[in-house]
Amino acid sequence: MVHRFSLLLLDLEEYFFEQHTAHHVVPNGSKKDKKVRGSFKVCSRSIIFDPEDFVEPILKIPLRDCTNIEFVERETNPFNEPRPAAVCVSCEQVIFIKEVNVIEAYRNERGSKKMTFQLEVQSKTEDVVQTLLQLHRASCLEKLGDQTAMIAANLQSRLARSSFDKNCFQSVAEKPHMECTVEMVTPLVSNPGHVCITDENLYFQPLNGYPEQVIQIKLQQVRRIYKRRHGLKPLGLEVFCTENDLCSDIYLKFYNTADRDEIYYYMATFLENHITEHTAESYMLQWQRGHISNYQYLLHLNNLADRSCNDLSQYPVFPWVIADYGSSQLDLTNAATFRDLSKPVGALNKERLDRLLARYSGMPEPRFIYGSHYSSPGYVLFYLVRVAPEHMLCLQNGRYDHPDRMFNCIAETWKNCLEGATDFKELIPEFYGSDSSFLENRLNLDLGRRQNGSLVGDVSLPPWASDASDFLEKHKAALESPFVSEHLHEWIDLVFGFKQRGSDAEAAHNVFHPLTYEGNIDCDSIEDTDQRIAMLTQILEFGQTPKQLFNSPHPQRITAKFQSTRRSSSITSPVGELSPASPCEDSSFEDLTDESRKLAWANMGSLKASSSCRMHKEAVTGIAVTRDGASLFSTSLDSTLKMFSKEMDFQRSMSFSNMPLSSCLVLADGKTVACSSWDNNVYFYSVPYGRRQDTLMGHDDAVSEMCWFENRLYTASWDSTVKVWQLDSNDSSVKRSRFDLLAELEHDDGVNTVGLNAAGTLLGSGCKDGTLTIWDTSSFEVFQQVQCHTGNIHHLAFSPDSRHILSVGSDSCMKMTDVQTGMVISAVKAEEEQRCFCWDGSSALCGGQSGDLILWDLLSNTVTTKIPAHSGAVTAMWMNELGNTVITGGEDRQMFFWKVQS
């Protein structure tokens with residue numbers, strides 16, 4: 001059924017309460033009265049009559065313009081025919097809407113009028129008159145705050161007298177969990193009613209029965225739910241039944257936060273399909289690694305920052321990315337084609353910025369550079385007027401904007417954003433979608449005539465676009481281009497990140513009016529109701545800055561241009577993972593290795609133990625393998641180093657002291673094994689000679705772990721240092737070599753683990769106090785330092801591309817830190833401590849406290865496979881270069897040899 005009536009015909013902040021079938025009685029002189037059948041709608045600030053005949057206009061009578069509202073008893077007309085009882089309204093203004101069923105500017109007719117409406121259900125006439133008189137009194141109150149309070153009281157009274165009709169349940173077996181009063185939010189309007197959630201469905205029943213008696217959403221179909229800030233208060237809940245759609249299935253505003261939260265948590269725990277761990281950091285990781293597009297990432301960030309298509313004051317914001325709207329061809333390989341994403345729109349034009357900064361310097365507190373925002377209801381409808389004309393008419397009291405101020409030309413709009421004194425607007429998601437209707441006047445709207453005589457029709461496109469669809473295709477290509485991918489993080493810093501507020505915002509010339517920032521104004525603390533409402537209205541109409549998602553610089557996307565070098569020939573993993581003896585010049589061989597590694601990780605859940613042994617008397621602490629894979633070494637708390645064949649047949653046992661050994665690794669010559677000990681020393685064991693070759697005494701407390709790269713040895717100790725040693729030996733076959741101390745890296749607490757990136761340029765160290773430090777190995781200066789865990793860091797390792805570092809700790813958390821920015825971009829609390837791991841950047845195979853091997857998908861922070869392994873904690877792990885062989889050691893003194901099943 002086609003509806004002409006829309007909630008958009010109401011004033012802003014107005015409610016539609018009830019409707020009755022009625023006849024508008026139009027006196028016709030000496031002839032019989034003309035009767036127009038339709039719907040008589042009682043609203044909080046107006047009466048609306050919606051005729052069934054579309055030729056007739058919709059009539060809107062503002063209650064504030066009514067001079068008299070009365071109940072007229074049954075009477076006879078001049079022809080002695082009975083007239084039913086009626087509602088008679090005397091007024092000074094009538095608004096005519098959709099005349100001849102055309103969406104156009106409203107026509108206001110002023111002057112004294114008397115209008116009569118006969119309700120088909122006669123018994124309700126007098127009640128309707130009493131309701132209208134009460135609402136009329138509210139509309140005539142002098143103070144806006146008093147008007148709002150009286151209308152709100154009427155609304156709450158109506159909601160209290162009604163409840164959700166459980167006859168609307170889809171099944172008699174449904175079990176209701178909770179019911180409460182809410183408002184369904186759509187752009188510019190709200191519709192009050194009742195929400196009811198059961199074990200199968202979420203229902204919303206409008207108080208007025210519009211647009212339908214009940215709206216139903218199956219819980220099993222829900223994919224995403226978000227808590228929302230609505231009207232600056234934490235009262236909103238938005239539900240999506242799709243993964244990537246721009247618009248939601250329903251947006252509800254609750255009257256108190258407790259009701260909102262109860263339904264949110266009920267849905268979150270009940271739904272199998274609801275992904276609870278989607279945070280800004282998890283989406284960031286997916287975006288960095290190319291698993292989601294720039295468009296999808298921006299959409300997710302907008303969602304997490306409280307931006308919604310149902311709230312025009314917080315509509316999703318997207319950047320201008322193209323700066324060339326004059327060329328006949330769009331060159332996406334030329335940097336000059338693109339806008340500078342490191343600057344806000346207001347700072348792109350230096351001359352304009354200089355003028356703004358001069359004003360800013362002389363401005364009293366609170367100061368701001370830009371007096372208007374980059375996103376507001378007016379800007380959204382500026383772009384969307386051709387597909388949402390009724391929204392524009394609602395926002396602007398029944399009028400379109402002046403034709404010369406409308407969205408007429410993309411090049412002109414961009415030019416005005418660069419040069420206009422108060423125009424700093426960004427774009428909306430529709431510019432990167434597939435529906436071009438917002439650029440075309442398909443509804444044939446009469447939007448006026450410009451000063452140059454031309455009618456406002458379709459939007460004028462750049463020369464490089466053949467039509468609106470072609471424009472969107474090329475615009476989307478620009479958003480996903482390498483240039484934008486490499487610089488989008490800079491724009492995210494401005495809008496969602498650390499440059500949004502404070503001194504960083506000031507340095508980036510990114511300071512907007514204080515009213516636009518979340519938490520700057522507490523409207524509830526304003527005692528005067530009129531002032532409070534006026535302040536809230538100003539904030540909502542002015543536009544709001546998104547919720548801040550990041551407090552430190554956003555990492556850059558990983559693109560081909562910025563891929564790090566491949567692994568070097570040395571052992572770089574703290575658990576002794578080996579690389580090929582020398583870099584391979586054959587790229588086809590490297591590609592084959594990469595594919596083999598990817599295949600192994602894809603099948604990591606199929607790990608099967610092929611052999612095992614128990615030769616140690618206490619927990620295994622370290623595992624290392626020679627380059628050719630012929631020999632395997634392990635250390636233990638029992639203070640011994642043991643050597644096995646590749647079939648895990650026991651061959652030798654060595655003891656260097658009566659203190660536990662903490663780790664081991666094979667040096668680049670393949671003939672020497674280094675063992676760290678709790679007696680503060682590092683011991684070097686010669687495999688060919690079968691004896692201790694050298695001892696390095698360099699720490700004041702236990703040496704916890706080591707790593708090695710190109711004749712440099714890094715030793716971590718509980719004496720709060722990492723020491724860097726240079727091997728000085730002209731003959732690698734000599735029995736004793738001299739180590740020179742290059743650097744001593746100081747920490748605030750004992751260092752428990754260390755690891756190098758693939759290129760050996762960065763060193764990570766993890767302390768007992770949970771601090772993660774990243775060092776530059778060329779200068780030995782701190783590159784990043786993060787308070788990552790709340791307790792001891794058990795193990796850490798860089799990703800193969802050196803972009804991230806993963807760490808696990810005694811707090812049972814597994815955290816991924818971005819190397820470039822020091823931001824913890826992913827954090828998950830596991831069911832138990834993870835003691836050690838190997839990873840490929842997207843997945844991690846962890847050894848748990850209970851003895852299981854646990855395979856994690858780090859993009860979604862979920863466990864994909866659990867493999868029973870040891871009877872105690874897994875304390876050591878080694879993986880070969882191809883990723884198809886794993887060796888683990890545990891507190892149960894056992895070692896397992898695992899193979900990936902193809």
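Note: Cβ is positioned from N, Cα and C throughout, glycine not excepted.
What TrEMBL annotates here:
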- 562-573: compositional bias 'Polar residues' (COMPBIAS)
- 171-268: domain 'BEACH-type PH' (DOMAIN)
- 272-557: domain 'BEACH' (DOMAIN)
- 562-589: region 'Disordered' (REGION)
- 696-735: repeat 'WD' (REPEAT)
- 744-785: repeat 'WD' (REPEAT)
- 786-827: repeat 'WD' (REPEAT)
- 867-902: repeat 'WD' (REPEAT)
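Residues 279, 281-282, 284-285, 288, 550, 552-556, 558, 563-564, 567, 573-574, 752-759, 761-762, 764-774, 833-841, 844, 846, 856, 858, 861 of the same chain sit 6 or more residues outside the repeat 'WD' (786-827) yet have a Cβ under 8 Å from a Cβ within it. Outside the repeat 'WD' (867-902), and at least 6 residues removed from its termini, the chain residues within Cβ reach (under 8 Å) are 567, 575-580, 593, 596-597, 599-601, 603-625, 629, 632, 634, 636, 644, 648, 833, 835-838, 840, 845-855. Sorting each residue of the domain 'BEACH-type PH' (171-268) by its DSSP state yields 15 helix, 51 strand, 32 coil. Averaged across the repeat 'WD' (744-785), pLDDT for the predicted model comes to 96.
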